[in-house]
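Swiss-Prot has this to say about the protein:
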REPEAT    12-50  repeat 'WD 1'
REPEAT    53-91  repeat 'WD 2'
REPEAT    188-230  repeat 'WD 3'
REPEAT    245-284  repeat 'WD 4'
REPEAT    292-330  repeat 'WD 5'
REPEAT    333-365  repeat 'WD 6'
Amino acid sequence: MVVPTPFFVLRGHLSSVTSLSFVSDGILYSGDANGWMICWDLSVMRPTHIWRAHTKSILGVYGCSSEVVWTHGRDMQVARWHLNPPTGGSHIPLSLLHAIQQEKKNDQQSSSSLTIVSSVHKGYFFQTNNLTFCSFAISPAAGLLVVPNTVNAEQLDVYALNDTSDSDRRDNCGKRLQHALEPKPQIEKTGAVMSVALHVKYNKVVLVAGYESGHVVQYIADVDAAQKVNVYFQQVWQVMYAEKVHKEPVLSVVFGNDNGYLYSSSADDYIVRHTICLSKETHTNPESMKTGHPGQQCLRVRSDDKILVSAGWDGRGRVYGAKSLAKLAVLKYHSETCNCAAIQPGSNLIALGSKDSRISLWQIY
């Protein structure tokens with residue numbers, strides 16, 4: 001088993017790093033517990049943008065490009081942000097990066113800080129549930145965005161992603177397509193939704209949800225049907241798979257890219273591989289691996305479907321074989337809990353975000 005060291009550490013945040021997202025052109029987005037977002041240019045390992053995206057902790061980040069990123073915060077907002085290119089290709093000095101966050105905390109901002117922060121503007125936002133720690137899920141291929149239900153944390157709402165391009169709307173509620181998805185009557189009690197993910201295969205969209213009860217549920221719908229408003233979700237989404245595979249709340253669910261599997265982790269010490277069920281005939285029993293490490297709260301699969309990376313409560317990242325689930329490496333650097341992980345598309349570059357406010361970068365396999 002390999003025990004590597006990080007080749008670089010990013011130190012821009014002043015609070016716990018809670019979410020990470022790569023885009024393919026060497027850009028990394030990071031969000032923290034105070035609602036701050038930073039856009040990093042990894043070609044020079046320097047920040048290009050910083051802004052206060054939310055007034056509370058950031059739950060999720062989805063980078064579309066170096067100019068567009070979605071964020072989900074505990075302040076009841078999902079927002080899309082547009083970033084202006086850095087003036088003259090300039091980057092923000094680390095000292096100024098920290099000063100901006102401190103100035104905002106003290107309600108004082110200098111002219112230089114305001115210039116930097118104003119290079120980012122909000123293109124659209126809508127209100128959502130803040131009673132859960134579950135982040136959103138986005139699928140540009142399906143044109144869908146999924147979040148916990150506005151009122152009931154045990155249910156899910158589906159929104160149109162592309163409809164949110166209308167920045168003149170003032171209702172702040174988004175275009176909700178289906179609402180209150182839940183696995184009843186197959187499962188009566190699931191507890192709150194803990195993690196969600198979306199995947200498109202052929203003309204089907206698969207929505208997987210991990211619940212507080214330890215259940216993992218796969219819903220499936222035709223892409224065309226899911227993109228239309230329907231007040232009865234049962235007419236659009238079908239439960240194809242519902243299994244209680246964890247003894248503790250599910251912390252993360254993630255799809256492989258093209259290997260026909262999805263993976264889940266939990267507050268227990270198991271990682272579970274599930275077959276993607278496009279029909280009830282394709283249902284197979286899940287495969288579990290006891291890792292001996294409870295609380296692997298973020299899973300990510302590399303774009304070649306060969307490795308799986310986790311971020312753990314014990315401050316360690318771990319690399320597993322996506323096929324065998326065997327542990328291949330331990331990423332040991334952080335002094336506190338690792339909250340999030342990300343893998344750059346088409347690369348072996350891994351990022352880990354921690355409660356110690358640092359982001360470690362690794363190149364492995």
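Using N, Cα and C of the backbone, Cβ positions are placed for all residues, glycine too.
Remember, predicted model here, so these are calculated numbers, not experimental data.
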Notebook entry, point to check: When you scan the chain for residues with a C-beta under 8 Å from the repeat 'WD 6' (333-365), skipping those not six or more beyond its ends, what do you find?
Noted result: 2, 4-24, 26, 28, 30, 32, 42, 297-303, 306-307, 309-317, 319
Next item on the list: By DSSP assignment, list the helix, strand and coil residue numbers for the repeat 'WD 2' (53-91), in that order.
Entry: 3 helix, 19 strand, 17 coil
Check: In the repeat 'WD 6' (333-365), how many residues does DSSP assign to helix, to strand and to coil?
Finding: 0 helix, 17 strand, 16 coil
